[in-house]
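Enquirer: There's a structure below that I have some questions on.
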Amino acid sequence: MDVAIALLVGAFMTLGIFLMLSRSVIRMLLGLALLGNGINLLIFVSGRLSREAPPIVPPGAYVPEGAIANPLPQALILTAIVIGFAMFAYLLILGMRAYQSLDADHTDTMRLAEPEDGPRPPLSY
Amino acid sequence: MPGETALIVILLLPFMAAFVAGFLPQTARNTEAWLAGVVAVIGLGLSLWLYPQVTDGGVVRAEWTWMPSLGLNFVLRMDGFAWLFSVLITGIGLLVVLYARYYMSPSDPVPRFFAFFLAFMGAMLGLVLSGNIIQMAVFWELTSIVSFLLIGYWHHNASARDGARMALTITGTGGLCLLVGVLLIGHIVGSYDLDVVLASGDTIRDHDLYAPTLILVLLGALTKSAQFPFHFWLPHAMAAPTPVSAYLHSATMVKAGVFLLVRFWPVMAGTDLWFLIVGAAGLSTLLLGAYFAIFQQDLKGLLAYSTISHLGLITTLIGLGSPLGLVAAIFHIVNHATFKASLFMAAGIIDHETGTRDMRRLSGLRRALPITATLAMVASAAMAGVPLLNGFLSKEMFFTEAVENHTGSLLDQSLPYVATLAGMFSVVYSLRFIHKVFFGPDAVGLEKEPHEPPHWMRLPIELLVLACLIVGIIPGITIGPFLASAVTSVLGPETPYYSLSIWHGFNLPLLMSIVALVGGVLIYLALQRYLSSGIEGPPWFRNLKGQRIFERLLVTLSWRWAKALEKLLGTRKLQPQLRLLIGTVLLAACLPLFMGRFAPNLSAFVGFDLGFATMWAVGMACAVIAAYQAKYHRLVALMLMGGAGLVTCITFVWFSAPDLALTQLLVEIVTTVLILLGLRWLPKRMDAPELVRPATLMVTLRRYRDLLLAIVAGLGTAALSFAVMTRPAFDSVSRFFLERAYTEGGGTNVVNVILVDFRGFDTLGEVVVLATVAITIYVLLRRFRPAAESVGLPEQQRIQADFDAEQPHRRPGDTLTDYLNIPSVIMQWMFPVIIVLSMYLFLRGHELPGGGFAAGITMSIGFILQYMAGGTRWVEAHLRILPLRWIGWGLLFAGGTGIASTLFGFPFLTSYFQYLEVPLIGRVPVASALLFDLGIFLLVVGATVLILIALAHQSVRSPKAARAPRPLGPVGGEQ
């Protein structure tokens, strides 16, 4: 089952990267979401997998006994999920604004700051 | 007042005064001058007061801890040599302040001038008083930076800007070399303390790293002292106001280099390498500087090159490596400071009075400026080495040393001849300065009618010239004791016997002096024709300009090569950059894999579970199809993305991460709603025939290349995760959290305790990010008007409206009103249930899966369901949600809990917990972390709702296209 979850991580990463390399803003967005899932899972498996042992101290005990899931990657991923959500929301709205203001949902046509045939940035000494 | 206090006052006073000076009004020329003058007087007075403690090798030392973890102390240390420099810096500083008061015009921004001037004085004092070599390098760089500001003081002037930049580039680079050099010294010696360093000369000279260390330190010193081939910045620094030149290029800035050489002389000098580098640099600078000085047409240019030449003389003396040479060097440092400062000031007066510094236009000024002329003549004579003046004495000592045999090398053999030749040249340029400017017919066509300056402006020159004379006539009782204490502090027991008397009998050095004087006059007469032709610069070398080489070098390095590199690697498109990034990451990831000889442990391939495998296969399929459909069928892609997210979520459940599963599920919901809302305003699928271009071969190839890159990256990640999983877990910080979550954090849900307690600060940062994003989105959408294409009714609504129109008994809009009516009612009824669920998740968070974030998202889902059920207008008529207030309160709670702990004397965000007896419920744990979590809850609700509402409001807005174009005719009042 290690292989299977490793392949899942690989698939998420592959498709995430593939979509992010696209020029369409929406595809990039979807790619970002997939990439986020892949990375979260990667962090998750780096803490090793354990079944039916959530990192919760059982009632009456002070310290969890026996094998227990690694809480550290979980805490990291929880933060990552929140930040990923914020990032996604921000990019989505930015994409919307770009479509409205620049009439472009394609990165090659977003050329307001650096027009294709515009002069190069100032290079004088 | 003990000596330590005096030292720190000497150092800090100029910096504090600089700060004050910067804030005085523009017109406060007198106040500024008084302030700077008083600071200089105090510094001078304190230095003089400390004199008895530094005679005979005595040292005043003050020490404060600076970076104890690195073993660094802030040390101030004054010995006889540092004392001599302190007096030069403050004394000449005082005279320059007085001079500058009259030199600066009322229209110049004087606060800036005096602030920089005082800061420079402070930096220079810090340099000479440093008892720690790192600290010394810091002050060294500080002098470079402040001198940049001073040279570029008239920054409206292009030459001032160029000169300042060049000085900074060269001396700053040298300073960096010096820093590396002192780090190496520290490495060799094992301490950065100057006293320790000075006591370990043999260790340094015998070390393998001696040569690189020496070269680096020398690069620092030689750039600062404008030694060949780094000399060319100095003439360009003449664009500075004359008081700055008088200060920087006589007593301070350029002397810092030779100061450093003398400072490290006891530990680094005496080797062949030292003699070769320092001696050669000094000798060539001495000769070239003097030669170039002859042919300058600018008064200050002449003085600048003569400064270079005299610094070369000092450097040569230091390079000889003999104690007597060092005595002469220190003596000449003082002498040069006095006559050169006065000459610069005299040049400034001439410039001030006539409006020009061009020697081709100046003539016969002795009639208009008799006193200034006399003073300048005496100072020039000192510069030329005429007997009875101080310059003569140190020059005699130089000649004496020159004829001595040191290493017997060719360089050493040529020394007496080069020295005499340079002596002749110095006579030539001194003579030229005097003869051309003060003698001859009256100058014609000057902008101003020259006359003597105010007496106070001339006073500094008078004092300096007086010093030249006194030292020149009775050296033994004037400069003698001070020189002796300075020399003793550097050389210690090695101090040689030397005599400061004027007359040593007829000997070879005297003969060399006479040859130089007579030869100089003859050369000057011979050069009359060339000089009167008015050509700037010497014959032959005229076209070889250091500045031009420097600029070419800079342009090539920082512009041409950079441009070529940009052309080669740069791109203005996003995708190649991303591709480059991913490729680099791939390579970087492969490196440890190969170096660590990675071999997958396939024996761990056990426990295959059909259930899991099927689920993950579904997840992968979802992702693949989502990617495939992303371009044309967005809704499909979106649903499948949700599927992929769900698989992630189930994975979390399965592998004991209930908190993650909960959060992932909730975030998936909100994200989906968000995209659905957003898609409404994004461009539709591009299936219009004119928009679908046939994929060219290039495009297809590009996509396959991207896919290949992505597959390689994905396989790599898969291999990485597999490798990690099949290796035993190592003992990480997790154990710490597990053991202390309950005993110290007071919660049984370890993940939640980590988030709100152990790593509470991270969480605070994270929710602040969320709040920032929400507010940014709110601002981005506040004035948003949807694009014209998106304005029409969505397809479904249009079909419904058409249906209504066709039916006789329905009005358009009826179907829409009834649309999804039952789900709407259910959603409205669910509202209280969701709120209770959210409360439940919040309250159990510390003990069981849940927590502020999950609860917050749940609550916001409750709100957004109301929007979906009833529509924006309906909800806003019934509910007043003020998400910005929620965000504000959330931040206050979360931050306030953190600050509260500091009020009790604990570090920020320290949590506190206690059990509380609550009637009916019993013992409840109450942790301050709960309050923090409440803040997170409020903030998450506010942020999420703000984002969703901002998007939902788009449908209420009048679209961009609906804004009617302005009528062109006269605007009527009918509307």
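Glycine is treated like the rest: Cβ placed from N, Cα and C.
Keep in mind that TrEMBL annotations are predicted by a computer and have not been checked by a curator.
Sequence annotations record features per position, and here TrEMBL assigns domain 'NADH-Ubiquinone oxidoreductase (complex I) chain 5 N-terminal' to B:66-114. The annotation domain 'NADH:quinone oxidoreductase/Mrp antiporter transmembrane' is assigned in TrEMBL to B:130-408. For B:701-798, the entry in TrEMBL reads domain 'MrpA C-terminal/MbhE'. Annotation comment: TrEMBL describes B:822-945 as domain 'Na+/H+ antiporter MnhB subunit-related protein'. Annotation comment: TrEMBL describes B:33-51, B:80-101, B:137-154, B:246-267, B:302-320, B:371-394, B:414-431, B:463-486, B:635-655, B:704-725, B:819-842, B:929-951 (among others) as transmembrane segment.
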Enquirer: For the transmembrane segment (B:80-101), give me same-chain residues lying six or more residues beyond its boundaries with a C-beta closer than 8 angstroms to one of its C-beta atoms, as numbers and ranges.
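Expert: Sequence-distant neighbours of the transmembrane segment (B:80-101): 10, 29-30, 33, 36-37, 40-41, 43-44, 47-48, 50-51, 54-55, 57-58, 113-114, 117, 121, 124-125, 128-129, 241, 243, 246-247, 250-252, 255, 259, 262-263, 330, 333-334, 337-338, 341, 345, 348, 456-457, 459-461, 463-464, 482-490.
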Enquirer: Using DSSP, tally how many residues of the domain 'Na+/H+ antiporter MnhB subunit-related protein' (B:822-945) sit in helix, strand and coil.
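Expert: DSSP classes over the domain 'Na+/H+ antiporter MnhB subunit-related protein' (B:822-945) add up to 88 helix, 12 strand, 24 coil.
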Enquirer: By a Cβ-Cβ criterion of under 8 Å, what residues six or more beyond either terminus of the transmembrane segment (B:819-842) are in contact with it?
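Expert: Tertiary neighbours of the transmembrane segment (B:819-842) are 662, 800, 850-852, 854-856, 858-859, 861-862, 865-866, 868-870, 933-934, 937.
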Enquirer: Going along the chain, which residues at least six beyond the ends of the transmembrane segment (B:371-394) come within the CB cut-off of under 8 Å?
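Expert: Contacts of the transmembrane segment (B:371-394) (Cβ under 8 Å, skipping residues fewer than 6 from its ends): 306, 310, 328, 331-332, 334-336, 338-340, 342-343, 346, 349-350, 365, 423, 426-427, 430-431, 433-434, 437-438, 452-453, 458, 461-462, 464-465, 467-469, 471-473, 475, 479, 500, 502, 513, 516-517, 520.
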Enquirer: Which value does the mean pLDDT take for the domain 'MrpA C-terminal/MbhE' (B:701-798) in this predicted structure?
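Expert: In the predicted model, the domain 'MrpA C-terminal/MbhE' (B:701-798) has a mean pLDDT of 82.
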